[in-house]
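**Q** Once you've had a glance at the structure underneath, I'll fire off some questions.
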Amino acid sequence: MNLQELKQKYNYDVATKMMQQYLDIKFAHLDCLLLFRMGDFYEMFYEDAILASNVLGIALTKRGKNGEEEIAMCGVPYHALENYLTKLIEENYKVAICDQLETPEEAKNRGGYKAVVTRDVTRIITPGTIIEENLIASAEPNYLASLVIPKNKETASLCYVDLSTSEIVVVNVPETEILNELARLKPREILLSENLRSSNLADSIFKQLNFRITYQVDSFFAINKCKKIILDFYKMKDIKGIGEISSSQICAIGSVLEYLSLTQKQNIPHLPIPRIINFHSYMTIDFSTRRNLEIVTNSQGDSQGSLLSTLNHTVTKQGGRLLYNFLSSPLTNIAKINHRLNITEFFYSNLEIVKKIRELLKKTSDIERCLTRITMNRSSGRDLLSIKYTLETATIIKEVFFDAYGFNLPDFIEKIIKPLSGDAELYNLIDETIREDAPNNLNDGGIIKHEYHPKVAQLHDLINNGKLYIEKLKDQYRKETGIDSLKISHNNVIGLFIDITAKNVNKILDPKFIHRQTTVNHVRYTTAELQKLESELVNAKTLVISLEKELYADICSQVIEKASYLRMLASSLSGLDVFCNFAYIADEYDYVKPEFTDDLSFDIVKGRHPVVEKALQRESKSFVYNDCHLSELERIWLITGPNMAGKSTFLRQNAIIAIIAQIGSFVPAKSAKIGVVDKIFSRIGAADDLIKGQSTFMAEMLETSAILAQSTKNSLIILDEVGRGTSTYDGVSIAWSVLEYIHDKLKCRCLFATHYHELTVMSNFLPALQNYTIAIEESGKDILFLHNIISGAADRSYGLHVAALAGLPESVINRAEQILLKFEKTSTGKGKNILSTESNNLSLFYLEPNKTTISSKLDKKFSTIDPDKLSPKEALELIYELKKLV
C-alpha cells in the first residue's frame, strides 16, 4: 500500500494535527508497533492498539473519531514501559519508541498555544537489539546476527553482535554447517536477504531452530555500501584495518552496523573492531545434538535440569555468560584446552584462594553492560557507582593473589589478573563526582556531588534553603523600612510579593519597592532583588538537573575513554569467576583433570553423568559409574540390553564428558584420557523425552544421513536405536549398514545402542567393533537393572519386565508372554510365518484363553472350599461354576 492509499485509509486529511503527526511517524515504521508518548503515557492507536491490548492484557478504549471511523486506543504509563516491553519482545514484536522532543511550554513558545509538541522515534527495539537489564537474560548473550550467502554458496559469512556487552564477532561458515553454527549462537534475531525468503535455509532456520528472521532488501548487503559503513563507523581509511576478511564478511559486518544505526538512531555503542574467528576452532555440535544432550537448556527450553544449570556455580552475571559461551563452544585445539585446564588446576590446588575470590566477586557488577548503557546514553549514576565499586574490589582480589604467592605466580595467572590493578584516575573521577545515593533517573536530580561544582552547590542550596533566603530578605526589608509587620508572601497570580498594611504605605520611600497590587487593607510590592530570588527558586530544580546532565555527560565521556581497559577488566573478572567455578565443582563433586592426546583415545574410568548424578543426590541415591574404553583398535561399542537399564544415560554421559573436558573443566570420572573430538553427533529418539513433538522415521533418517555426511575420523557419534521406526527387517538392515559405514568409511569413535540383537554377530567380522551390554540380575520372574556396562551381548530385551514396571494390566503381560514364547520357539527367519499362523488360527478379536489367569482363578476358588461341608446340591452348583471358569 503506497503513501496516498495509507492516507486515504486513515482519513489523514480530516485528522487532527496531533493525529496527523502520529500517522506520519507510523507510515514510516509500518513494521513496528508504535508507542507514541503523550504526557505520562505511551499511547497506541488503530490496529496497534487492538493488537497490544490483547498481548498486554490492557483495556482498549477510543480516542474520538477520524472522519466516520472510531480510533482504537490503549496506553501504558511511561514509568512502567519496560514491564510491557518485556511481553512484546517475548512475542517477537518490533517496537518503535516515539518520544516528545520538547516540553509543551517549549512548543507553545515556538508556535503558539495550538502548536503540537515535536515527537520522533528515538529508538526501535527488536529482540536482537535489547540492552535493558529487565528485558534480557543476565546469564546468556543476546545476539543479533547477519547471515550472508555468497554466490558460490560454499561458505557463508556470519557476523554477530551482543549490543548489551559490545561483543562483535565475524566467522566464515561452511554451507553445510550454517544451521549448526546458528544453533551454537542462538541469536535472538537474524538479518537475511529478501532473496532468501523462500529458500530451504530460511525455512529450516524458522521451523527447525525457531529463530526470528528479519528480512532486508538485497541492496542492504551490497559490498560497496557495507565497506563504507565500516570505514565510517571505525574511522578507518582502509578496510584492512579490520584484518584479513572476505567480501561476504564485509557485507555481514556492514549490514549489522547499518541495522544498529537504523534501530538505535545513530546512538550506537563504541563497538570494538570485530573479532575474526575460525569456525574449526570450536567443536561442532549440531542443533539436534545440543537439544538431545540438553547442554544449555532442557527439552522444554528452560535451563533447569540442563548441563549448564548443573555446572553453573558462578557468582557474577558476566561469569555466567562466559560459562554459557564455553559450553556452547568447546575448544578443539589441544594447546588451548590444556591452557584452560592448567588454570583450572591452579585454582583447584588453591581452594582457599578460590573461596576468598568468590566472595569478593559477589561484590562486583556487570560492568560490560554498565559500559554499554553509558556509551548509548542510557545509563544512570548507579552504573558509574557500579564501575567504581568494581574497580575497588578488583584491587582487593589482586592482593589476595600476592598475599599468597607474592611475585611467584604462574605466567598464565599473571596474565588473567593483570587488569585487576585498577585505574586510579577513573576511580577518583567517579568518587569525586557521583553521589552515593544517586538516583536511577537523571531527571530526578541529585546525582552530582555538591562539592564537585560550585554552581551545583549553589542551586542545591537554593532548593534546600529557599525559605531561609526569603526570611533573610524579609528581615532586611523590615530593617530598611522600619515596618515590623512586613511579610513576604506568595500566590499563584503574582508569585512572591512584599505585603504591608495600608497604614504603613508612607514608610515605603525607596524607589526599589515596585507597587504590584492594592487591596482594602494591604498594599503589595516587589523588588528586583525579590524577583531575581523568585526566578532562581522557581528555576533552581530545572537548572540543577540541566547542569547535572551536562556534567554527567562529560563524566561519561571520560569513562568511555577507558572503555578498552574496562572491557579487559570485565574479561578478567568473568574468567576468574568461571575458573574458580570449575575448581569449586571439581572439589564439590569429585571431578578429575582429563588428559588429552592426538589419537582416537576415549578412555574414561568410572565416568558419571553430572546432571543425573546431581538429581540422584537430591534423593539421597548413588549414581552407578561406568567405564568407556574406545581406541583406534576398538572404535565402536555396540550396546544391547533392556530399556530402562541405563543405556541412554551411558551414551549421553560420555558425550557430555567430552564437552566438559574440552571447555577446560575437570570431568566426572576417576580418570579420563581423550583424543580431541572435533564434532559430536547424537541421534536419540523421542521416546527418551529429549525431543519435542513426535519423532518420525523420516526425521531419524534425515538426522542419521547428516551425521554420516558430516562426521570425520575425529568425531564422536552417539546413536540410540537407529532403525526402530520401521519394520524389523528394514530396521536391522539399516542399522547394520550404518554400522558398517562408520566402521569402514568414517573410522571414528561411536557408541551404538540397539535392541536388534541380530547386530551382535557383526563383531565377528568388524575388528574395531565390540559388544557390550547392561548387567542384569534375575530372580525368578523378577529382574534387577544393575546399570553396569559389561562386555558381551544381551540375549533378549526384557521388554515385558519393563512393561510390567510401567503398570500394564496383568492379563496383557501374561498374554504377551505366551506370544513371546511362540516367537522364541521359532527361528528368526520364520517370524513372518508365525504371524500368519496366528492370524489364520485365531479370530482378530479373539485371544486364546490365558492359562495362567485361569489357573490363578481356580486356585483362588479352591482355597475357599471345604469339601466336607458341601451338600450334594452345593457340590453340583460348584461343578457348574468351575465349568464356567474354564
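Each residue, glycine too, has its Cβ placed from N, Cα and C.
Note that the structure is a prediction, hence the values are computed from the model and not measured.
Features from Swiss-Prot:
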type	residues	note
BINDING	Gly641, Pro642, Asn643, Met644, Ala645, Gly646, Lys647, Ser648	ATP binding site
**Q** Enter the number of other CB atoms within 10 angstroms of the CB of Ser648 (ATP binding site).
**A** 23
**Q** Find, for the listed binding-site residues Gly641, Gly646, the residue with the lowest Cβ contact count at a 10 Å cut-off, counting only other Cβ atoms.
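**A** Counting other Cβ atoms within 10 Å of each of the binding-site residues Gly641, Gly646, the minimum falls on Gly646.
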**Q** If you count, for each of the binding-site residues Pro642, Lys647, the other Cβ atoms lying within 10 Å of its Cβ, which residue has the minimum?
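**A** Counting other Cβ atoms within 10 Å of each of the binding-site residues Pro642, Lys647, the minimum falls on Pro642.
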**Q** Going by DSSP, give the three-state secondary structure for Pro642 (ATP binding site).
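**A** Coil, per DSSP.
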